[in-house]
Amino acid sequence: MAPAAMNLLCTVLYLLSSFAQVSDAAPWLFSRSIPASYHDGRLGAVASENSMCSEYGADMLKIGGNAADAVCIYRLSLFFAFLPYPALQEDRAMYHSGIGGGGFMLIRAPNGTYEFIDFRETAPAAAFQDMFKNNTSGSTSGGLASGVPGEVRGLEYLHKNYGKLPWKTVMEPAIRTARDGFRVTEDLSRIMLHSTKNGNFLAENAAWALDFAPQGTLLKVGDIITRRRYGDTLDKIAKYGADAFYTGPMAQAMVNALRAANGTMTLEDLKNYTVVSRPTAQIEYRGMTVTSTTAPSSGVVLLSILKLLNGYKNFFRMDPGPLSTHRMDEAIRFGYGQRTELGDPLFFSNLTDYQKKMISDEAANKNRMNISDEYTQDIAVYDPKGLESLNTPGTSHISTADRSGMAVSLTTTINLYFGSRVIVPETGIIMNNEMDDFSVPGRSNSFGYKPSPSNFIRPGKRPLSSICPTIITRPDGSLYFVSGAAGGSQIITGTLQSVINVMDRKMNVRQALKAPRLHDQLVPNVALMEDEFDKKTVDFMISRKHNVTREKSGSTVESIMRLKNGVFEASGEPRLANSGGVVV
């Protein structure tokens, strides 16, 4: 991968954290003065939840940038343009992402090689298996809820291995934007009100109020919000590197804030954090190569579902709806049943073999043989151990690609809105509540299913995630499709159906994302179907004994397709008013 490209990718992830409007750091970006030279759709594409931000990403491609550059500009412009609804991503960074969190990234270099970068949060050294057994709220709010953040070390890894520009140069746009501020949108105002309905911590806690209620009441639509402390924090990281975050005064302030909220994270926890470059996973589907990510993400779950469905040769062709929808749901149920055994590979010696088995011909054939076209079956058929499938929330996704064949599928998070609701007073860093993604022994979920031992808390362990960035190539190795989603446990089914809709149903990208979605994570034993499904399909599913509930999809998908002639198609999430994809 080109060093300049990775430098710009580093920039975007810091920009994710700034939660601020672009200032005169890059005035050309918003002037719309990019030359209106002719572009034939072969230069590249950006798909995001905001059409204007996608336009700015496309501008970067017009002036000679690449897919990573487009990611950068998208994230930069998103901070002032739009806030999506709850299921959707990081909402302006501070809601579901930032340097107090972590994530996963799948990168396809122009030469066709892949890298899966895991900068997921880890459990502190003092964490233990039963720490939330009698403290149910402790995993979502307060100091114990935070895992050791991985984002800054992840960016350091990218910069040192691929970077060329000076670290400070990479950081400068994010610093400027954090200090300048932006106008509160209707969406931001709505989310602030939603998050404070059971206690106005944004106004009543002085550390939060400095940004959100500087005059004593929550900022309203049209007001200017700034994050100057955060800008100063990024400035220090720019000058002194990632060690400024993980050691010294900044790290001490983080530890102090968490300990004041009953946390146990230490300076050693921060100092010892490392990112992991993990193997990718691949299968053949309809003659093409599908690449995704391995545990502790859920790319291998997506691949196992596709592997099973690959055995249905007339899937969504001879039968355009009902039976294929039933078969898809059954495959999804097997996939989520397999997911309950996943966890951090560092803590399981046989997890590599298990994942290989998940996407093997043998497993796919066996599970397909166990599917009945006449009815769905008891949960034990799909998950014999009766383990829970966590409803993990949060996340943000963007897909980009360019004419060189480079593509980036990126998802990050700090988990719930405002993470653990711990903000570091001195730095403005919002801490994650990723510890809630672990399973807790002895705490069966509300449906009576047991927690998964594979995802129990251990010191240094990374919790299981639903994230599954995906890239597909043709038999000749050329780029075909880039996709991913936000929406917690619905990420897998959202991404899956984007793939099925373009590859099996022969839809274009916009049609693929607009088509009604189904979600079934096995536990609870409910098939969620959007209202747009036709009555024939819904009635068929009910006749097959599925517990159908009509509900709007909780996933938001962003995808890009590259046609054989090199022309790109792109789409943001159609369920969002301002989402969009842009090709140039």
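The backbone N, Cα and C atoms fix where each Cβ goes, glycine too.
These features come from Swiss-Prot:
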{"type": "SIGNAL", "residues": "1-25", "note": "signal peptide"}
{"type": "CARBOHYD", "residues": "Asn111", "note": "N-linked glycosylation site"}
{"type": "BINDING", "residues": "Arg120, Thr413, Glu434, Ser465, Ser466", "note": "L-glutamate binding site"}
{"type": "CARBOHYD", "residues": "Asn135", "note": "N-linked glycosylation site"}
{"type": "CARBOHYD", "residues": "Asn262", "note": "N-linked glycosylation site"}
{"type": "CARBOHYD", "residues": "Asn272", "note": "N-linked glycosylation site"}
{"type": "CARBOHYD", "residues": "Asn350", "note": "N-linked glycosylation site"}
{"type": "CARBOHYD", "residues": "Asn370", "note": "N-linked glycosylation site"}
{"type": "ACT_SITE", "residues": "Thr395", "note": "active site, nucleophile"}
{"type": "CARBOHYD", "residues": "Asn547", "note": "N-linked glycosylation site"}
### Coarse DSSP state, helix versus strand versus coil, of Glu434 (L-glutamate binding site)
helix
### Task
Give the number of CB atoms, excluding that of Arg120 (L-glutamate binding site) itself, located within 10 Å of its CB.
30
### Task
Please report how many Å separate the Cα atom of Asn262 (N-linked glycosylation site) from that of Asn111 (N-linked glycosylation site), as a whole number.
49
### Query
From the Cα of the residue listed as 'active site, nucleophile' across to the Cα of Glu434 (L-glutamate binding site), what is the distance in angstrom?
11
### Task
Just name the most isolated of the recorded positions Asn272, Thr395, going by other Cβ atoms within 10 Å of its Cβ.
Asn272
### Summary
Taking all protein chains shown into account, the Cβ-based neighbour count within 10 Å for Ser466 (L-glutamate binding site) is 33
### Message
Could you state, as a whole number of Å, the largest distance between Cα atoms of any two of Arg120, Thr413, Glu434, Ser465, Ser466, the listed L-glutamate binders?
### Response
13
### Message
Between C-alpha atoms, which of these glycosylation sites comes nearest to Thr413 (L-glutamate binding site): Asn111, Asn135, Asn350?
### Response
Asn135
### Summary
Cα nearest Asn272 (N-linked glycosylation site) among recorded positions (Asn111, Thr395, Ser465, Ser466, Asn547) -> Ser465
### Query
How many whole Å apart are the CA atoms of Arg120 (L-glutamate binding site) and Asn135 (N-linked glycosylation site)?
24
### Task
Tell me, if you would, which residue among Asn135, Asn350, Asn370, Asn547 (glycosylation sites) has the fewest other CB atoms within 10 Å in the structure shown?
Asn350
### Message
When DSSP is mapped onto helix/strand/coil, what comes out for Thr413 (L-glutamate binding site)?
### Response
strand
### Summary
Check: min Cα-Cα distance from Asn547 (N-linked glycosylation site) over recorded positions Asn135, Asn350, Asn370, Ser465 goes to Asn370
